[in-house]
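A quick write-up on the structure given underneath.
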Ligand SMILES: Nc1ncnc2c1ncn2[C@@H]1O[C@H](COP(=O)(O)OP(=O)(O)OP(=O)(O)O)[C@@H](O)[C@H]1O
């Protein structure tokens, strides 16, 4: 049977911590700007696409921070698309919702007629800066209705997506009532809380203070899950651009036409330099060097 335990980082005692996406299907990733949310999400996509086949795992990636961070992942066969605007995102979320409904109908039929359980691929809807979807940012009534529809679909997926294996990973700077309705927030049981701006934000994300006191090291976060008694302080893995490039280059068809310089836009190599030796995962499969925990 496939294991869905994903290594999410190391503690200060050098222990690797795992998040079981089968047991905790939905999660939120929150924290202040620059705390390392996007890099962590990029690591999750890389690791999971290297570990699971496209028959086992599919991604819908919604990048409302302009799509640049996740552009390289379009080449993984697991990824249905990188959706960069609110209308595109709403459409993609609707497709995930429809897939979930179809699966639920199929499950019921197979159970009743054949008394067997279908095995589906895991479909993950990964959203970076989900706050941008908030109806509070709508400019017209039509826009507001569209965003509300997206929230309605997300809420359904969060409530009943476990069995048909449609999962949500929701990244945002601050999941308050405006950016993430309480009905959805409560269902996102896995919590990856990077350093927050202040105590209030920590309370919104973790339901207690503490994340505002994390050391200001990109990739440092508190992990909370119904399966662990106390929050765990973790340093997340990091996939350097050159590693990602090495993994993805062979997947790009040779006749692809680029209207944008690949190195400048798709791969942000300069960030590897910036990151220095804070944390580095040489390959997503084999952990060679992790961040020092201080
Ligand atoms: N685990 C890590 N190890 C080393 N450096 C990291 C790590 N995570 C992030 N960084 C560095 O910190 C920078 C900011 O990270 P990231 O873009 O993920 O932040 P963010 O929380 O998504 O910010 P924003 O919400 O403003 O987009 C990255 O460009 C990278 O250089």
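Glycine too: its Cβ is placed from the backbone N, Cα and C atoms.
Over the domain 'FtsK' (14-203) the predicted model carries a mean pLDDT of 92. Feature annotation from TrEMBL assigns domain 'FtsK' to 14-203.
Look at TrEMBL and you will find 31, 32, 33, 34, 35, 36, 37, 38 tagged as ATP binding site. Taking Cβ-Cβ distances under 8 Å and a sequence gap of 6 or more within the same chain, the neighbours of residue 33 (ATP binding site) are 173.
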Sorted by sequence, non-31, 32, 33, 34, 35, 36, 37, 38 residues with Cβ within 8 Å of centre, ATP: 173, 194, 195, 218
Among 31, 34, 36, which are binding-site residues, the residue with the most C-beta atoms within 10 angstroms of its C-beta: 31
Least buried by Cβ count (within 10 Å) of the binding-site residues 35, 38: 38
Spatial neighbours, same chain, of residue 32 (ATP binding site) - Cβ under 8 Å, 6+ residues apart: 173, 194, 195, 196, 197, 201
